[in-house]
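> Copying in the features that Swiss-Prot gives for the protein in this structure:
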type	residues	note
BINDING	73-80, G128, 209-217, G263, R278	GTP binding site
DOMAIN	63-329	domain 'Septin-type G'
REGION	73-80	region 'G1 motif'
REGION	125-128	region 'G3 motif'
REGION	208-211	region 'G4 motif'
Amino acid sequence: MASSEVARHLLFQSHMATKTTCMSSQGSDDEQRKRENIRSLTMSDHVGFESLPDQLVNRSIQQGFCFNILCVGETGIGKSTLIDTLFNTNFEDYESSHFCPNVKLKAQTYELQESNVQLKLTIVNTVGFGDQINKEESYQPIVDYIDAQFEAYLQEELKIKRSLFTYHDSRIHVCLYFISPTGHSLKTLDLLTMKNLDSKVNIIPVIAKADTVSKTELQKFKIKLMSELVSNGVQIYQFPTDDDTIAKVNAAMNGQLPFAVVGSMDEVKVGNKMVKARQYPWGVVQVENENHCDFVKLREVLICTNMEDLREQTHTRHYELYRRCKLEEMGFTDVGPENKPVSLQETYEAKRHEFHGERQRKEEEMKQMFVQRVKEKEAILKEAERELQAKFEHLKRLHQEERMKLEEKRKLLEEEIIAFSKKKATSEIFHSQSFLATGSNLRKQPQLLIFMEKYFQVQGQYVSQSE
């Protein structure tokens, strides 16, 4: 198929739903045109706007397309192999460890070209999914990643100077959910994860490594899986049936869900030709043989038939739901309390008035809180001041008492010094009188005189030491 024909085919699919809806409601449209005073006219000659589809095709081919796939499944279940087989390309994805402490999402973008149609393909792999002992929150990193891509697109959309034409749209268009071929039922982790993802992304469940289960068990397993999904309220992607050209095929494919797939890039010789297959001792499982697996059906509905619908559903359903919830959280609404239309300016003014009132209320609360805290601080400071004053008075009283004690001791010491001085003077007078009285006798007795002089010298030294 030529590139222009591929683009026309994609655009034709994207617009057929609108066309069919318009044809089915033609009567109501006529009444609406009458109410709006719109007239239908027939032109007398060729004008040229019939080339609008061709213009759209040419511009789309020039711009290129993007498609983002999220692969969710346990490590080693065959996610990378299936993607390689789907796009007939070796994306060189490295093997992941089974010992990751947390679930991480790894995104890789590739540029592919078929004829002259360019496709920017992003593959997001869930590294470490299902490898933890506690798997209760394993789905949360996936939900956060999808919401982050929606938020990035919303922020770009809300910019004053936005450039959506050159913006790399990283929103997830489809989630291929890989189910282990146990043959029994869905794991609790699978149900919990798909339940939290069904409102955010288009989910297509696939049974991985379907060649490990017999055909009879596989058919029973499919019925069991769909029954569990329905009973638990999990909404998986349904291929659209409103386009007459593909309605029959998509209706049949909806009855084949979940697809049982086998992936392989190895080629095995079967008969006179080489085919992609998996070689076993008991035989060969051909990837593109519909009697062996549903790989061809998956590739047909995912890439050839419904790729544009997946892109459109992502934008019109899942992104719009996220956008609406975000704007409602911000206070924006389409109708007022009386169910009257509300313009963006009115909503802005209402929110501005609300924020102004909230700001004034917060300022008043902060002022009151500040005054209260100042009063509390002043009370604490006054109490501390009283305690310091009491301590000061106590220390002052102790100082005065100590000073009075020292003063009394000083007076007693002075009295003792005066008394000692009097005793010393009396002793000196006594010694002088004794010396004069015995002076004449000492002259007569030289030895006695020498003894008396030594005696008085010793007594004088003793008195000096006492002073």
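Every residue gets a Cβ built from N, Cα and C, even glycine.
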> Give the sequence-ordered list of residues that share a chain with G263 (GTP binding site), lie 6 or more positions from it, and have CB atoms under 8 Å from its CB.
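G263 (GTP binding site) has long-range Cβ partners G78, T81, L82, I83, D84, T85, L86, V287, F295.
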> How many neighbouring Cβ atoms, not counting its own, are there within 10 Å of the Cβ of K79 (GTP binding site)?
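K79 (GTP binding site) is surrounded by 25 other Cβ atoms within 10 Å.
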> Around the Cβ of K209 (GTP binding site), how many other Cβ atoms lie within 10 Å? Please give the count over every shown protein chain.
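That number is 21.
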> State the mean pLDDT for the region 'G1 motif' (73-80).
86
> Using a Cβ cut-off under 8 Å, which residues of the same chain at least 6 positions beyond either end of the region 'G3 motif' (125-128) come close to it?
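Same-chain contacts beyond the flanks: 70-73, 75, 79-80, 93, 96-97, 100-108, 141-142.
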> Determine the Cβ neighbour count for T212 (GTP binding site): the number of other Cβ atoms within 10 Å of its Cβ.
15
> Going by DSSP, is G76 (GTP binding site) part of a helix, a strand, or coil?
coil
> Within 10 Å of each Cβ, count the other Cβ atoms, then let me know which of the binding-site residues G73, G76 comes out lowest.
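The binding-site residues G73, G76 were compared, and G76 has the fewest Cβ atoms within 10 Å.
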> List the helix, strand and coil residue totals of the region 'G4 motif' (208-211) as derived from DSSP.
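Secondary-structure composition of the region 'G4 motif' (208-211): 2 helix, 0 strand, 2 coil.
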> With every protein chain in view, how many other Cβ atoms are within 10 Å of the Cβ of K215 (GTP binding site)?
11
